[in-house]
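Here the structure comes first, spelled out in structure tokens, and everything after it is commentary.
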Amino acid sequence: MIAFRAVWSALLASLLLLLLAPSASPVDAFSPPEASLTGGQSLSKRSLFDPSCTGVFDRQLLRRLGRVCDDCFNVFREPNVATECRSNCYNNPVFRQCMAYVVPAHLHNEHREAVQMVGK
């Protein structure tokens, strides 16, 4: 009976760990870091973002611009808004419309400058 309770407690503890860490898979925990989905190829920082953004790589600016698109998508709930807003490195009419809708007017110039910096 004591062995059953120990096994049961271990099972519940492992299930609790799985529920608390859904993003980590058991395979990732035991595989070496170089064994990734890319077949061992390293990803550059820029590959995580739109390749059309050839200007200054600034995570903060990219996050700020991406947040405009995310907020716009959350308002309109149109699937094409999320992708079109980010196209051409945020230099497009959809991004400008989203900016007009979700960004206060006094911050528009700041966002326009950010688009110019990351998209050069």
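These residue numbers are counts, starting from 1, taken along the chain as shown.
Positions of Cβ are set from backbone N, Cα and C atoms, glycine also.
Here Swiss-Prot flags 1-24 as signal peptide, drawing on sequence analysis.
Under the DSSP three-state reduction, Cys53 (disulfide bond) is assigned to coil, being neither helix nor strand. For Cys53-Cys89 (among others), the entry in Swiss-Prot reads disulfide bond.
In the three-state DSSP scheme, Cys69 (disulfide bond) is classed as helix. The feature disulfide bond is assigned by Swiss-Prot to Cys69-Cys85 (among others).
The disulfide bond annotation in Swiss-Prot covers Cys72-Cys98 (among others) and is backed by similarity to another entry. Sequence-distant contacts of Cys98 (disulfide bond), defined as residues of its own chain at least six apart whose C-beta falls under 8 angstroms from its C-beta, comprise Val68, Cys69, Asp71, Cys72, Val81, Cys85.
For Val118, the entry in Swiss-Prot reads valine amide. According to DSSP, Val118 (valine amide) sits within a helical segment. A sphere of 10 angstroms centred on the C-beta of Val118 (valine amide) encloses 23 other C-beta atoms.
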Would you mind checking how many other C-beta atoms are within 10 angstroms of the C-beta on Cys72 (disulfide bond)? 24
Other CB atoms, at most 10 A from the CB of Cys85 (disulfide bond): 24
